[in-house]
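Read the structure below first, then the notes.
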Amino acid sequence: MKSIADAHILVIKVGSSLVTAEGKGIDLAALSKWAGQIAELKAQGKQIVLVSSGAIAEGIKRLGWTARPKALNELQAAAAIGQMGLAQAYEQVFAEFGIQTAQILLTHEDLSNRMRYLNARSTLRTLLDWNVVPIINENDTVTTNEIKLGDNDTLGALVTNLIEADALLILTDQSGLYDSDPRKNPDAKFISEIAADHPELESMAGGAGSAVGTGGMYTKVVAAKRAALGGAATLIASGHEPNLLQRLSQGEAIGTWLTPARSRISARKQWMMGHLQLSGSVIIDNGAVIALSQKHSSLLPIGCVAVNGQFHRGAVISVLNQAGQEVARGLVNYSSEEIEKILRLPSHQIEAKLGYVAEEEVLHRDNLVIRSAFRTPA
Ligand SMILES: Nc1ncnc2c1ncn2[C@@H]1O[C@H](COP(=O)(O)OP(=O)(O)O)[C@@H](O)[C@H]1O
Ligand SMILES: N[C@@H](CCC(=O)OP(=O)(O)O)C(=O)O
């Protein structure tokens with residue numbers, strides 16, 4: 001991807017130095033410019049999630065300190081103070097464009113625990129469906145050194161994979177990636193495009209970052225690698241670039257693109273196909289087999305006749321025909337116990353039976369791979 005013209009879902013990460021004008025305090029004018037650009041992208045039908053750093057830098061500024069403290073409890077307390085400013089500032093600048101915002105503070109646990117992961121995903125998707133711009137940061141106040149994500153570049157990549165965004169845009173204080181740190185080497189060469197799995201990326205990006213940021217380029221290239229595993233491209237570009245988002249959506253080459261080896265869809269299919277041990281299966285009737293394999297439909301409970309094994313919502317399961325042959329596999333929206341209760345039911349009766357509706361489908365077509373597409377032996 002060298003343009004965001006075709007991207008539908010974008011995650012935009014802004015670093016501390018940009019958000020706080022290098023630690024001087026929240027840069028309302030810069031935030032307002034991004035909000036205006038995001039409003040234009042939203043008018044084109046794109047869904048945007050913002051990952052914003054700056055809580056610690058802003059907290060330090062509000063406390064009147066001149067240096068970043070080292071003690072974790074002081075950093076956490078500073079983050080709690082600064083986050084108030086960030087939330088207030090984003091709400092204000094987006095309101096100028098008639099856009100509602102929502103604050104989401106995430107921890108490592110929220111993204112590694114399956115249930116919390118699914119809940120975070122469904123909340124984010126709901127907000128996007130409501131046209132809201134979620135503003136995400138790490139929940140610094142409750143994290144400890146051992147479980148800290150530690151930098152928002154990583155958080156940006158995890159969120160990109162969580163909501164299956166098409167691209168991650170990392171805005172920073174440099175115009176992109178150079179073959180060595182341009183602050184130290186005036187002859188550093190600019191890189192406009194590189195494979196996200198290029199073996200020399202980490203060594204080019206070595207070293208910490210600016211005075212107020214945390215990870216430098218290193219965490220950005222590692223984040224790009226992580227996003228690429230989910231099939232998303234990453235752009236590292238300067239947040240000072242005027243009209244950056246519009247120009248990118250018109251195909252202008254700005255910043256450094258780190259490109260994935262495979263597309264999002266194929267990355268996910270490969271992941272599902274690669275599952276050797278599936279935790280269970282559903283058996284479906286012939287009508288459902290035809291709907292899935294020929295019409296690319298989702299699997300609805302009405303076509304499900306039996307369920308085998310024990311699994312949770314979010315597991316990869318097999319879909320079998322009544323002769324026991326695998327016709328598809330995919331990420332399931334209900335647990336085995338729930339499916340047992342809704343077998344053969346039309347979707348509008350799910351709520352009456354379970355007391356809630358997680359999703360209309362047992363397996364959504366975007367989360368399904370049909371057997372004919374498998375390369376594994378039958
Ligand atoms: N190869 C490189 N190319 C560009 N910048 C680099 C490189 N290696 C290290 N850096 C440093 O990374 C810094 C950006 O990281 P950081 O300060 O953490 O930003 P942010 O706050 O936006 O996350 C740059 O200012 C630059 O000094
Ligand atoms: N959660 C921290 C983010 C720290 C961080 O990753 O900063 P940066 O390297 O500027 O993106 C904060 O808001 O201060």
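Don't overthink the numbers, they just go from 1 along the chain as shown.
Glycine too: its Cβ is placed from the backbone N, Cα and C atoms.
Among the candidates S52, S53, S249, the residue that TrEMBL annotates alongside D140, N152 as binding substrate is S53. Close to ligand 2, meaning a Cβ under 6 Å from one of its atoms, are these of the binding-site residues K13, S53, N152, D173, M217, T219: S53, N152. Proximity to K13 (ATP binding site), defined by a C-alpha to C-alpha distance within 10 angstroms, is shown by the following binding-site residues from S53, D140, N152: S53, N152.
Cα proximity to T219 (ATP binding site) (within 10 Å) is found for the following binding-site residues from S53, D140, N152: N152. Checked against ligand 1, the binding-site residues K13, D140, N152, D173, M217, T219 give D173, M217 in sequence order as having a Cβ less than 6 Å away from one of its atoms.
Cβ packing within 10 Å was compared across the binding-site residues S53, N152, T219, and the lowest neighbour count falls to T219. Taking the C-alpha positions, the distance from D140 (substrate binding site) to D173 (ATP binding site) comes to 23 Å. Rounded to a whole value, the Cα-Cα separation of N152 (substrate binding site) and D173 (ATP binding site) is 15 Å.
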